[in-house]
Each structure stands twice: as C-alpha cells, then as structure tokens.
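Trainee: Here it is, the structure, as structure tokens.
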Amino acid sequence: MLYCRSGFEKECAGEIQDKATQLEVYGFPRVKKNSGYVVFECYQDGDAEKLVKGLDFSSLIFARQMFAVAAEFEALPSEDRISPILAELSEFESFPRCGDLRIETPDTNEAKELLKFCRKFTVPMRQALRGKGLMWNKDNAKKPVLHICFVAPGHCYVGYSLPGNNSQFFMGIPRLKFPADAPSRSTLKLEEAFHVFIPRDEWDERLAPGMWGVDLGACPGGWTYQLVKRSMFVHCVDNGMMADSLMETGQIKHHMVDGFKFEPDRKNVTWIVCDMVEKPARVAHLMGQWLLKGWAKEAIFNLKLPMKGRYDEVLQDLENLKMFLIENKVKFKLQAKHLYHDREEITIHIQCLSNISPH
C-alpha cells in the first residue's frame, strides 16, 4: 500500500508498476480516484515483502509511505475491532514483531474524519498487540512499524513497513508550523525538503551558518527565509520586491535580473534554490548548468507539472538532467519527491559529489 496526494493516484500507480517490474515483481495497481492511496496487488505470495525490502523508498517520487499489506478488513464489527485483527495477524508466520504502531488514514477530507477514532483506538490496539507478542513491549524505532490504515469506518488495511526504508512521519507527512514572520507559505516547501532530503545529523555541516546561497525567483522571500533563518547569506534574484523583514537582516543581496541570466560575481556559493514558474525542462537544465560550472554544490528546486502526462514529464526531465551530468562526468546524488507542501509540482535535490572548480 502506498499513500500519495489526493489526485495523484495515477502517477503513484504508474511509478510502483515500473519499479516493481524492475525488481521482477508482477502485479497490478488498484486505483481509486482522489482516494489518496494506491494498493499494488502482487500475483505471488511473498512478493509484497520482496518489494518493501528491495524497493528503495527514497527512489519513489509520488509515494509518501509504503508498507506490505498482510490483511484487508472490509467490515470490522464496531463492538470489537481488535479481535479480528489479532486473529488474522497471528496466522501470518512471516509477520515481523513491530516496534511502533501507526493507526492512520489517507490524506483526504473524508478519511481524515476518522483520525479522532484512530487516536482513541491506538492505545487499546497497542496493548492487545503487545499482549499477543506481535509488538515489542517498548517502542523501538529500529524495528518494523505496524500500520493500520482506515480508508472508511470499519474498512482498513493492516501491514508493516521497515525502518530505514519507509517514511519516519505519521501518514508520511512532516508536521511543520508556519513561522509567523515568514513572507509566504512557500517557505514550508523548502523546510520540508530539508527534512526529507538531508539527514538531520548532517544539517550542521551542510546547512551551516555563514554559507552563501542563491535563490532564483526569490520574491517575496519564502525560500530565502529558510536560508536566512540558518544564518546564511543569500543572493536573491527576482524582478519583484523582497519582503522588508528580510532586507533588514543585512544577509541578502537583491539582484533585479532574469534568473536564467544571473551569474554570482564571487564563486563561493554552496546552495542554489529555485522555485520559478517556468517550463520544467528549462529549470532542470539550468540547475544542471549551475552544478557543472561549479557555481553551487547542492541544489533544491521545483519542477512545475503539466496538466496531462505528469509522470511522463517527470521521468523525461529527470532522465535528461541525469544524462547531462553523466555525459559531463559530474558525480552526483539525486532525489525527487512530491512533497506534502507541493501541489502541481515536485521538488528535486541534487548534491554534487565531484570537486569542481567554479568557471
């Protein structure tokens, strides 16, 4: 089972079909429009386990969470929902002993009405699972996570995900607060990107105070705000006006020029970030150029998606960008994600692993 943004089930299904085929796991996706989830039915027993072990979760763009389904209950009796789940899981010899329980729903308005029930149900369900030896007596982040996903009252999927190959967040969504002094809500996109793409223990080194960043298409400064908050200096490139609160920090230089033509005068930039409303292929190529020229070491940028053929567009743009870097002998690490705070767009992170002198 995979969670995704409502309206992106088709893209999520296309992606899991492709990835499963690459691992020689065969099946078909069950897709319900605007449901916020996709169920991939494997033809052979044991293949769901094969997928959650062998398919790198971080390589999935449109999935927020991934877990192997052990059972589906379509009509749990309201007077006792716990016993049928315990009975079914006890039959599964391969079901792992779990260290955490998440009782969730897909991210739709209808399903989220069940969240209050999910919270109340968690404590008795956890106690019952521990009593049966299906969960460890103490929470353990190094053990599998047991998921119970309610898609409607009495209708749920039960399964598990593996630590290190799942989303660490409940429902696959990081809980971020909008900072009152940020100039726009887009600030949460970049903050979420840092959480998703950069391991927390590397923040001090890779998002260090005193670094220089460039923000293309910066105004009014939602993304710049995240860099300034981390005590970086920023070249803000936009013909529009920047928020006064950011200008007053003394940490930013505002360049009123076209983002596609800007070149930093001093080549001491670590980060390039970009959230421009432009053709995705054009933005992806521009980011490749910045890394190839050694103008930046890491990039986070958004690609706006077309109305139709979104998955194909994403595959094409990413493939072209990878080929451009490979042909120019640039070593890199690339990850793409349809973030919770993204709408008709995806966010890409590239870390350049080659030591390139700026030119």
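Cβ atoms here come from the backbone N, Cα and C positions, even for glycine.
I grabbed these lines from Swiss-Prot:
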ACT_SITE  Lys304  active site, proton acceptor
BINDING   Ser186, Cys219, Pro220, Gly221, Gly222, Asp238, Asp258, Asp275  S-adenosyl-L-methionine binding site
Trainee: Taking the Cβ of Asp275 (S-adenosyl-L-methionine binding site) as the reference point, list residues of the same chain whose Cβ is under 8 angstroms away and which are at least six residues distant in sequence.
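Mentor: For Asp275 (S-adenosyl-L-methionine binding site), the qualifying residues are Ser186, Lys189, Leu190, Gly217, Gly222, Trp223, Phe301, Asn302.
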Trainee: Output, ordered by sequence, the same-chain residues six or more apart from Cys219 (S-adenosyl-L-methionine binding site) with a CB under 8 Å from its CB, or 'none'.
Mentor: Cys236, Asp238, Asn239, Gly240, Met241, Met242
Trainee: What Cα-Cα separation, expressed in whole Å, is found between Lys304 (active site, proton acceptor) and Asp258 (S-adenosyl-L-methionine binding site)?
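Mentor: Between the Cα atoms of Lys304 (active site, proton acceptor) and Asp258 (S-adenosyl-L-methionine binding site), the distance comes to 18 Å.
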Trainee: For the binding-site residues listed here (Pro220, Gly221, Gly222), tell me which residue's CB has the most neighbouring CB atoms inside 10 Å.
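Mentor: Sorting the candidates by Cβ neighbours within 10 Å, the top entry is Gly221.
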Trainee: Listed S-adenosyl-L-methionine-binding residues Ser186, Cys219, Pro220, Gly221, Gly222, Asp238, Asp258, Asp275 - what's their greatest C-alpha to C-alpha distance in Å?
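Mentor: Largest Cα to Cα distance for the S-adenosyl-L-methionine-binding set is 20 Å.
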Trainee: If we count other C-beta atoms within 10 Å, could you say which of the binding-site residues Asp238, Asp258 has the fewest?
Mentor: Asp258
Trainee: Using a 10 Å radius around its CB, how many other CB atoms surround Ser186 (S-adenosyl-L-methionine binding site)?
Mentor: 17
Trainee: With DSSP assignments reduced to helix, strand and coil, which class does the residue listed as 'active site, proton acceptor' get?
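Mentor: Strand, per DSSP.
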